[in-house]
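Everything below concerns the one structure shown next.
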Amino acid sequence: MESFLFTSESVNEGHPDKLCDQVSDAVLDACLAQDPDSKVACETCTKTNMVMVFGEITTKANIDYEKIVRDTCRSIGFVSADVGLDADNCKVLVNIEQQSPDIAQGVHGHLTKRPEDVGAGDQGHMFGYATDETPELMPLSHVLATKLGARLTEVRKNGTCAWLRPDGKTQVTVEYNNDNGAMVPIRVHTVLISTQHDETVTNEQIAADLKEHVIKPVIPEKYLDDKTIFHLNPSGRFVIGGPHGDAGLTGRKIIIDTYGGWGAHGGGAFSGKDPTKVDRSGAYIVRQAAKSIVANGLARRAIVQVSYAIGVPEPLSVFVDTYGTGKIPDKDILKIVKENFDFRPGMISINLDLKRGGNARFQKTAAYGHFGRDDPDFTWETVKPLKWEKVPASS
């Protein structure tokens, strides 16, 4: 069996694009907490000493946008200009308007439609993916890259590696076998970490600390061997980071948010969007469908696509592919999916409880991935029991 290499990357919560995702979702959380019917399309951008929130929001909630921006930046660790942004003294610009009445009447009839009649907020197609290679039913390359990033933040905030600063990126290359369509990880081929750091630390200490406190606790020993390659801050210096180093924008890390390059992506970002935006709710329901297919033993690996037209409740199409790993034909799995999942946007909101804000619910999704997380707020990760007849093995 010939092996192959596949790579996934991640970025930390202090990466400028991820800062923007978290601000946009913090605004969404605040709106939904006060008014579950809020219509939110909130974008954020940032550059040196400046964060701007802009977009269309229709809500009864009373929102202090500037406070949300500063609180979010502070919680990430942007507390002074030398780490990339000073949450308390940076410029905060706000340019929020109401949702277009044309869109409002077409999608939700100015709140007069029943949930099952609510139309999709826009056209588009979304994909959900699942694979049996990890307990999370997520790709290993993506899981490891994501967990390395989360661990970097953990050891920065708890003081284990006090030289760390908020910005950082990770990348993991995994060697796989293809077992008749199922993905079987063999080993980790390469680990790349580029992390922002202070002026005092040496490259030797960076490498030693990253191996001991970040890589060791995250990557299971069985995947590492003496051939595994480590690139630890290969550029040699990463002091300037965050919005000081690069501009940031909501919605620019859509592969990190999903499956690390596996499966497919329809192109729509998640953060700052309320559940009538099918870019988000549609992607969540097809993840639940794909995960349920694999968890119920219908297949070892699955991708599910759904598509929509603006103002139309029923999906235009639903597609299932199990990459040849299905225990029954894909057309039969598709039938089971259609019988068990309601893809109408208003019903997705109800069935996945997506109008509930607060508890930093959506802000949590905005760093370290929307899928494969063990958190009751991530309702789309709940596996639905699917009834199906096992085909008797031929003698």
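Think of each number as a place in line: the chain as shown, counted from 1.
Placement of Cβ uses the backbone N, Cα and C atoms for every residue, glycine included.
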Query raised in the report: The L-methionine site in Swiss-Prot includes Glu56, Asp246, Lys277. Which of Gln99, Gln105, Gln196 is also listed there?
Result: Gln99
Query - Distance, Lys273 (ATP binding site) to Glu56 (L-methionine binding site) (CA atoms, angstrom) - result: 10
Report summary line: Nearest by Cα to Gln99 (L-methionine binding site), of the binding-site residues Glu9, His15, Gly168, Arg237, Lys253, is Lys253
Query raised in the report: According to DSSP, which kind of secondary structure is Lys273 (ATP binding site) found in, if we only use helix, strand and coil?
Result: strand
Report summary line: Smallest Cα-Cα separation from Arg237 (ATP binding site) among the binding-site residues Glu9, Glu43, Lys277 is shown by Glu9
